[in-house]
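Engineer: The structure is given below, and queries will be raised subsequently.
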C-alpha cells in the first residue's frame, strides 16, 4: 500500500508538470486530458423520475450486449488457442497486421459514404467551434465536406483518439451532433472489431473500448429520450455516460470499483445514483447468461480462480469428500533419489507431504515440500548421502549448504526443469534427508471440516495446498486473541506471550507446544 501511495504521488507530480508544458501545444495528440479525463461537470444537473425508465433500459441493453460480448470473445479465444496460434509466432503477427489494416480501411472508408451535416447555430457559451480547424481534434470534424460550414458526424467519431471520441460522446450542449444512422453504424462496426481484436497477440485492454461501445448506444438512447420528452434540461451526453457504465457492468461485472472509477473520471458526483442503478441492472442481466469477461477467460485457460463465495451445496460436503478416492503422493523423510525423479516425472503436483514413522510405529505427517525445492536439491547434489538413515539419528549435525536465494523462483524464467538435470547411475542410488528443507507447519484441517470453511481458508489465506488429516484424539492447548499479544519487556530477547486461563483447568494453556505433540497423524488427502 505504501508503494502504491508513493508511486501515485510521483505520477501526480509528473502529470501536473507535463500538463503545464502541454498547454502550449507541444504534445500533439497527448495534449488533452489530465487527472479528469472526461470532465462533464457542466452537463445535466438534474433528472426526473420519468427518465428512470429509459435509464433502466440502458442497463438491460448493457447486460445483454455485455453477455453477448463475453460469449463471442470466448468462442474467438478458444478458436485462436486451438487452431490459429498453434501455427507459430508468424501467424500471430500476420493476424495482428491484417486486423490493423481492416480496421484502418473501415475507419477511413465508412465516413466517405456519409453525407456532411450543416453546422448548428453558434453558441458562445459552449466554446465549441464548428467545424474544427484542420489538424485539430474534437467535435464537428470536417471530412471531405464541400461547404466550410459542414461537418461529418461519423468522421467526428472515427478521426479522433479514443479519448477525444469519448469526450465528444459525453459532451453537453451538443444536441443533434450525431445522427442515429451514424451512431448505429459505428456501434455495429466497433462492436464487431472489438470482438475480433480481443485475444490477438497485441497488448490491449478492454476498458476504453467498452466505454466507446456503451457510450455509443447510450447516446443513441439519449437522442430518443430528448425527442420524446422534449425537455431542455436533458443532455444526450448523460445517457452516453450511463451507457458506458452499463456495458462495462454487463461485461466485466464490476460494481463498486467501476462506480467509483466512472465518477472520478467524469468529475460529476450528481450522477452517482444513476450510475449505481444501471450497474446493478446490467450486472443482474449479464449474470443470467454467463460469467464476467475475465472469469470466462480464466476458465478457458484452466486457471483455478475461486469465486468470492462458495457454492451452496458445499455446506453439506466435508473436506474428505472433496479429496475423493485419490491416492496421495507423498515422500518418506529419507527418500531415494531415483524415487524422487520417478515421482516428479509421473505427475505435475506442486507440493508433496512428507511422512515419518514415530517410535510407536505410527505414521505421522512432518511437513510439506515443494516441487521447486526438490529440483534445487537434485540440481545441487550436495545433500546426497549414502545412508538411508536420517542425519540426526546418526549423530550428525545438519549443515546449511544452501542460500535462501537458491530456493526463490526467478522472475525472468520458469525455474529449474527436471529435463535439464543430468543424473549418473550412482546419483540415483543415493538418498536425501528432506527434513531440513520442508515446511514443518503446513496448514492442516480435519477430515470432517465443512467444505465451505475449507473454501474460505483458500480464499482468505491465499493457499495452494491444504492437508486433510483424521481428527486429532486429544487437545494440546487453546489459543485466543490475548495469547497473540506480545508483552513489552526491556529485554527484547525475553518477549513472552500472554497466557489464557481456561475454565475447568488449574493451569494456563500455553502457545508453544512440545515437539512430539506437533506432529499430525497420517493424512487422508491433499487439497
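Including glycine, each Cβ sits where the backbone N, Cα and C put it.
If you look up TrEMBL, you'll see 1-20 marked as signal peptide. Positions annotated as transmembrane segment by TrEMBL: 52-77, 183-201, 207-229, 241-263. Per TrEMBL, the feature domain 'CBS' maps to 317-384, 438-495.
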Engineer: Looking only at the domain 'CBS' (438-495), what are its DSSP counts of helix, strand and coil residues?
Structural biologist: 17 helix, 9 strand, 32 coil
Engineer: Would you mind listing the long-range same-chain contacts of the transmembrane segment (207-229), meaning Cβ under 8 Å and 6+ residues beyond its ends?
Structural biologist: 50-51, 54, 57-58, 61-62, 65, 69, 157, 162-163, 165-166, 169-170, 175-176, 178, 180, 183-184, 186-187, 190-191, 194, 235-248, 251-252
Engineer: Mind checking which residues of the chain, 6+ beyond the ends of the transmembrane segment (183-201), have their Cβ under 8 Å from one of its Cβ atoms?
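Structural biologist: Non-local partners: 65, 69, 72-73, 76-77, 80, 85, 89, 92-93, 95-96, 99, 102-103, 106, 110, 114, 154, 157-158, 209-210, 212-213, 216-217, 219-220, 223.
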Engineer: Per DSSP, what is the residue count of the domain 'CBS' (317-384) in each of helix, strand and coil?
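Structural biologist: Counts, helix then strand then coil: 25 helix, 21 strand, 22 coil.
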